[in-house]
């Protein structure tokens, strides 16, 4: 039984296979529109996350399948003291694949140990969120045409932002990428990522405090939110907050083919004046998230022996 | 991109086209049962409204489409501070059409400005609720056979009741309708509706305080709830409350073909003893609400270029 | 109009017909996979119950139908003061069949009196939960090959546990079943069930306080939870609690073909070390619950004249 709990569960080859499949889906939607006819996705969201949940649900629907589940722990059996393992075994009887979001790290891993169907981690605490990483990779691939040979700036809260950590790990497996880490001192990338990922692999990186000084170098800019409550004191927050808000002025020296990503939701860290700039990719990124989840679900269902309603030709495109 | 935010967004011709289509759907359900195959409706309900939400959802399902969304703000990203505009742009990536309910007036309008798919206002604060108005019109049309030449009594809270205001505006565009406005002094129709709608167009109207005195004149009686908290003082409430409860006794002098409507939910303003009277139309009105929403969604999807799974014959019945 | 409010609404013949149909569905799923094409189930859950709700929803989906509804009273119109009767009449316009869960006893009965479509009681207060009883019966039938001639131990809270009461009543209609009632004094089966069901029909039974003393006799063991708050005093609870927890040691003298059932959710009354024992049936029981609900919905829809998308052959298998 195959599950996706951590983005590092997937090899580079597997990731490339999924991204390739996602692109074939984008190019030929109709061919996949009944692939999951008669299949059911359960979305078990022990904490709310509309965007992620609706992305999974629309993905399954565009494959011709059905969706059931819950969107918060209030309306689940968790309130009656049922373990995540039991909930998973029960829901295994109702669905062919499960996307699980849980406030506790490790819950989806625990679920995968007893599940009769594939589990996809849709975010567990501050830990992992592998489909976000796949979404980011697909977006870079589609915007830049490649997953190697570029300079990426990661900006904002690099200390607590799980999507940033996963993305660094994922990109570190591709050739010739330079990382520019843009963050206030308090919110720098954790030391273990620097030493165990970047330095261990001899990957070039730079740490800076403002995006303006490096903007002209960037091929990709990955924005994240800087939450006020992360700062040690009010004075630092007030001094720094505008530094991490992207607006037209800060984009002045940017490359004309820069790709600006954001995992959303944003609060104010990207000015809405940027939204219609062709370099703003974050809404296309949302669309890519749907397609990459379609590809991932097809891959897991096939790996687990589910009968998919696809032509032999398309079936062969699903990575083993 | 066409949206329906306010019932006055639609011309009389457009409304008549939608009502005609709704009637064709009623007469020939099977022909429309796969019209929206592969399409998705998102119900974004930032405040709960079971009746309206389920009406939209069943409407899309009866067109062969799918539904996703949320039923209250708690389980949405709004709790993370995302703007309505961003939520809308994100959901545009997941759905072909959006029905939005929001406690703040203007939110669906705001959404329509950035949406990549048609938005239907499913109620915003005390403002607009255009599909309720279409439901009311379809019900009158089906019960009376026409939308002109009748006397309608509007009863209850005419001051705050948005459905009443919309219905007056909508009916004022048809010929020879007389309005009888039945309300306690505190809850009369706002002055601007009298002067800008009724008097400006020379439409006959009458304001009275009890329904009994006018019952025998009415062709249509539109009941609404009188909420206790609307009254200035307890004494007025106690004195007046029974005046606005419809029961068998008050119906004594009513016409035999009177049509009694109510937007629901009711609390006690119509006695359950009336429910089986053939003149009680409020549950048929619920059914009409589903069909008119089917017609509206088809109209908007076609206007926005969606490919519908319909015969050329039926496709031609969808208003341009 | 036929409804299922109480498991005693169904005759033994009707139950046997439903169980037989459920088994045909298990053996020939594909043949039923579009039986309810174009049909809609409404799940009206005025209190949350994930397991039951998802069981109904997956059942309808596996019949090719759609699902709409709500999972808690918060997101329903009940908060606006609408009666259960009105909610039911409204939802009758949106769905072909309704599964209702309600904290108040009698609410589904009340709903059935005004509903335009069949109502299935999905649990009302401490009263009835007929689809759980059907699930239990199907599980015993599939595990033991029969519904007569066995000894069943019912263990735990036999006083307040509604599933136990319903199961005793249901099994009392079959031949040669011996009941062993395993409970602390405070939580014994109510006197009226002893006198009106067991003694009235001369059915053999025994009341004991520990499962160990009777384990070797049992063909079926039905476990339920003993809630701390049911005990009169802490001392009794501490003294007795381990007596009602099933673990490997207590199974030592059990028959090799014992069937262990539990309605779930469990807290700790069955040790997880038992889960992989072939005698542990409670997760298969979950699966059976889905199939028996498919059979029940087909039966009610047919009885109410719905057009099902089934071969004549399969249609004939649905009990009249």
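Note that Cβ sites are derived from N, Cα and C of the backbone, with glycine treated the same way.
As written in TrEMBL, here are the features:
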| type | residues | note |
| --- | --- | --- |
| DOMAIN | B:2-141 | domain 'Aspartate/ornithine carbamoyltransferase carbamoyl-P binding' |
| BINDING | B:51, B:52, B:101, B:129, B:132, B:264, B:265 | carbamoyl phosphate binding site |
| BINDING | B:80, B:162, B:225 | L-aspartate binding site |
| DOMAIN | B:149-299 | domain 'Aspartate/ornithine carbamoyltransferase Asp/Orn-binding' |
Additional residues around carbamoyl phosphate, ordered along the sequence, whose Cβ is within 8 Å of the centroid of B:51, B:52, B:101, B:129, B:132, B:264, B:265: B:49, B:55, B:122, B:123, B:263
Of B:101, B:129, B:162, chain C-adjacent binding-site residues (C-beta under 8 angstroms): none
CB contacts for residue B:132 (carbamoyl phosphate binding site) [other CB atoms within 10 A, all chains]: 24
Cα-Cα distance maximum in Å, computed over every pair in B:51, B:52, B:101, B:129, B:132, B:264, B:265 that the record assigns to carbamoyl phosphate: 16
Residue B:101 (carbamoyl phosphate binding site): secondary structure state under DSSP, collapsed to three categories: strand
Packing count at residue B:265 (carbamoyl phosphate binding site) (other Cβ atoms within 10 Å of its Cβ): 19
Assigned conformation of residue B:162 (L-aspartate binding site) - DSSP reduced to three states: helix
Cβ-Cβ distance under 8 Å to residue B:52 (carbamoyl phosphate binding site), same chain, at least six residues away: B:45, B:101, B:122, B:123, B:129, B:131, B:132
Rounded Cα separation (Å) that holds between residue B:225 (L-aspartate binding site) and residue B:265 (carbamoyl phosphate binding site): 9
Listed in sequence order, residues with CB under 8 A of residue B:51 (carbamoyl phosphate binding site) and six or more positions away: B:264, B:265, B:286
Which listed residue (B:129, B:162, B:225) has most other Cβ within 10 Å, given these are binding-site residues: B:129
Tally of DSSP helical, extended and coil residues in the domain 'Aspartate/ornithine carbamoyltransferase carbamoyl-P binding' (B:2-141): 72 helix, 25 strand, 43 coil
